[in-house]
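Read through the structure below, which is laid out as structure tokens, and then see the notes.
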Amino acid sequence: MKLNGSMMENYALKVSYIPDETAAPEGPSAGGRRGFNARGPPRAGSPGLGARPKSQSEVPLRLLVPTQFVGAIIGKEGATIRNITKQTHSKIDIHRKENAGAAEKPITIHSTPEGCSNACRTIMEIMQKEALDTKFTEEIPLKILAHNNFVGRLIGKEGRNLKKIEQDTGTKITISPLQDLTVYNPERTITVKGLIEACAKAEEEMMKKIRESYESDMAAMNLQSNLIPGLNLNALGLFPSGAPGMGPSMSSLPPPGAHGGCSSFGQGHPESETVHLFIPALAVGAIIGKQGQHIKQLSHFAGASIKIAPAEGMDAKQRMVIIVGPPEAQFKAQCRIFGKLKEENFFGPKEEVKLEAHIKVPSFAAGRVIGKGGKTVNELQNLTCAEVVVPRDQTPDENDQVIVKISGHFFACQVVLDSLNQSPQASLKITLSELEAVKKKRKKNTELLDFHLSNGS
């Protein structure tokens, strides 16, 4: 009640409740599709929220174990692993064939949180016993694999969450650096050192945090249509590829636009626009995903048509992503693409992701975008830190439009695109004056606030 209607940076906050799925439903389901409880009994793999008794967690426990102990974990003819799965009501996959010759092998445990923890404890005990039997003297830490999307929230502000877990459990916890991530491995290694019971307790606490982060993200995505109109920033760029809840259905998408890149200046559907975003050629696989799943999920989530144009040559260093959709869909799609390139390490850990985007404007507006003596475009570049180029020598296309090229980080590109998509004749000066005010307030603001400001500017 106190937050609702409060002002922040000249914007009024609107606060609404998220339905609690852990509460018992009041009567039979009406069969609708808007609420959580209207979907019938939960299916395996559905992105549920809250604790469901005896329900398998959507987030499996992933361990990394020394290769020399894999045989002991499996046991003679698989007897040991079968016993673990039976006692803990879990499904355990030991990925022996991955990374041939590697010193460590991943293990994936699917079960309830309690089942995952019990299986983890049993595996640690088996490794400890095998180490004694083989006179292996080195310490055997517990190693947990976690998707990078959730690690920041596990660590907490100034490392508080992790420090508290260490203090409460009497363990020492370290996390592999971002530099160790690769295009094919978005997971960080969490190493826990201590007694078996202490490590098991630390695993419970850490996985609880990770599952809460996952459920929060899924709630944000599932409730997108019920919350405040506009962006849901918590749902952008936080999901591992193939996350449940982002189905491949494309029924809600607008029809694909023409490949000519026409924007929305007074023709066709005024809400839809086309932006050409240029990404590194090597990043195409990451954007498309396995069997095209990632780009399908992204299209469905953003509500936009997203296509990757064919390469212009064998040695092309860039590929063009064609995004067709309304401004909100453009924001979501581009934000996720920028984030994906950062996650997949196509840019350094301290390097901002800067891409080039093309949008078409009416030829008569090009001069106004440039301004007298280039004043308007220079002012726009200074305020947004983006490079804006309106080629003077280009010939207008059949729709009497010309291309404006924008290069910069996500926030800068969005502000420039927003400026160009308004009426260039009337509102560019207003936008620039507002940007000047925003710029003065940005010095100590976080990146998340930058996203909020770019959405409202």
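Cβ coordinates are placed from backbone N, Cα and C, and glycine is handled just like the others.
Worth saying up front: this structure is predicted, and the values here are computed from it rather than measured.
TrEMBL lists 57-128 (among others) with the feature domain 'K Homology'.
Annotation comment: TrEMBL describes 138-211 (among others) as domain 'K Homology'.
As annotated by TrEMBL, domain 'K Homology' applies to 271-342 (among others). Averaged across the domain 'K Homology' (271-342), pLDDT in this predicted model comes to 88.
The annotation domain 'K Homology' is assigned in TrEMBL to 353-425 (among others).
The feature region 'Disordered' is assigned by TrEMBL to 23-57.
Secondary structure of the domain 'K Homology' (57-128), assigned with DSSP and counted as helix (H, G, I), strand (E, B) and coil, comes to 37 helix, 17 strand, 18 coil. Take the domain 'K Homology' (57-128) and the stretches 138-211, 271-342, 353-425: counting Cβ pairs under 8 Å, 138-211 has the most.
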